[in-house]
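Annotated features, as they stand in TrEMBL:
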- 48-66: transmembrane segment (TRANSMEM)
- 78-100: transmembrane segment (TRANSMEM)
- 107-125: transmembrane segment (TRANSMEM)
- 131-150: transmembrane segment (TRANSMEM)
- 155-173: transmembrane segment (TRANSMEM)
- 185-204: transmembrane segment (TRANSMEM)
- 216-245: transmembrane segment (TRANSMEM)
- 257-274: transmembrane segment (TRANSMEM)
Amino acid sequence: MEQDYFQQSNMAHRLPDGRLMPRRLSNDAQDKRSFENFYPVHFRDRRFWIPLSVIVISLNIIWWRLPLLHTQSLQGSITWQIAPLFCYTIAIAVGMALMMTQNFRSLISYIFFAVGSLFTFSSLIQSRHEIFVLLLLLCVFLVIVQQLWLGLQNILGLILLAVLATFTVPIAIFYVQNNFVTEKFILQLLPMFFSFIFYFNPILMPNPDGRKLSILTLGLFWVVLFSHHVGLSTIFVILFSLLAFVLQFMKAKLGNWQNMGYILLQAFSMLLFYH
């Protein structure tokens, strides 16, 4: 009788697939991510390369769209000086894609973050000390956020990721091109900031707490959208955000395709919003 009781007790604390039931009240990031079921993907598998490629392209669209548009509006020119920055964004985007497609446990991503940090030592970037520090901070944080024992895969980590992803690369691109940053440009980054908070919410927190938080982040994203611009493009951005909101509640095992979907929808949103 006693043995049967312990067997039933152990089964009651397991998920249907046999994994241990996560502790809902735990602050441990490992417990929070246990709800996500990522399937193993080989490097030669299209389920690895397609999401990786789409995420890399999408992140670069998000980062480069506004700085280039704002530079053109000021009648500035695009020069070869942004070459180190372009290499930096490619390396960081690949690292982030690996991080997301491997459930924040990618050792290979560290290599790309290291390569990205090397590009910050370019004379064109290093001579601008503030930009150099910002870009280096992003690399360091993307390594730190993968350390589950630090517990940064929560709302604090989400905010820090959004701040660094928004106010490092776009500002660096604009500053290198124009040698100054305008207040208008910084204010225009706010929709991008809240888009990072909303679209990265289910990526960083794929658990019930994250799904509850997404209701708030979606509302904040909409408020910022309407406060900056209202038009036909705004309607499509809202539709994309609704699709991303619904996507996180799908029970099908989408794996890497799901994270790819969030970033792709964010890229579409930023393409439509910044025009």
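Cβ atoms here come from the backbone N, Cα and C positions, even for glycine.
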- Query: Is it true that the transmembrane segment (131-150) and the transmembrane segment (78-100) have 3 or more Cβ pairs under 8 Å, skipping pairs fewer than 6 apart in sequence?
  - Reply: yes
- Residue numbers, six or more beyond the limits of the transmembrane segment (257-274), whose CB comes under 8 Å of its CB atoms: 47, 50-51, 54-55, 57-59, 61-62, 65-66, 69, 100-101, 188, 191-192, 195-196, 199-200, 202-203, 225, 228-229, 233-234, 236-237, 240-241, 243-244, 247-248, 250
- The answer for the transmembrane segment (107-125), taking Cβ pairs under 8 Å and residues 6+ beyond its ends, is 81, 84-85, 87-88, 91-92, 94-96, 98-99, 131-132, 135-136, 139-140, 142-143, 146, 172, 176
- Item | Long-range environment of the transmembrane segment (48-66) - Cβ separation under 8 angstroms, sequence gap at least 6 | 41-42, 89-90, 92-94, 96-98, 100-101, 169-170, 173, 185, 188-189, 192, 195, 256-257, 259-260, 263-264, 266-267, 270-271, 274
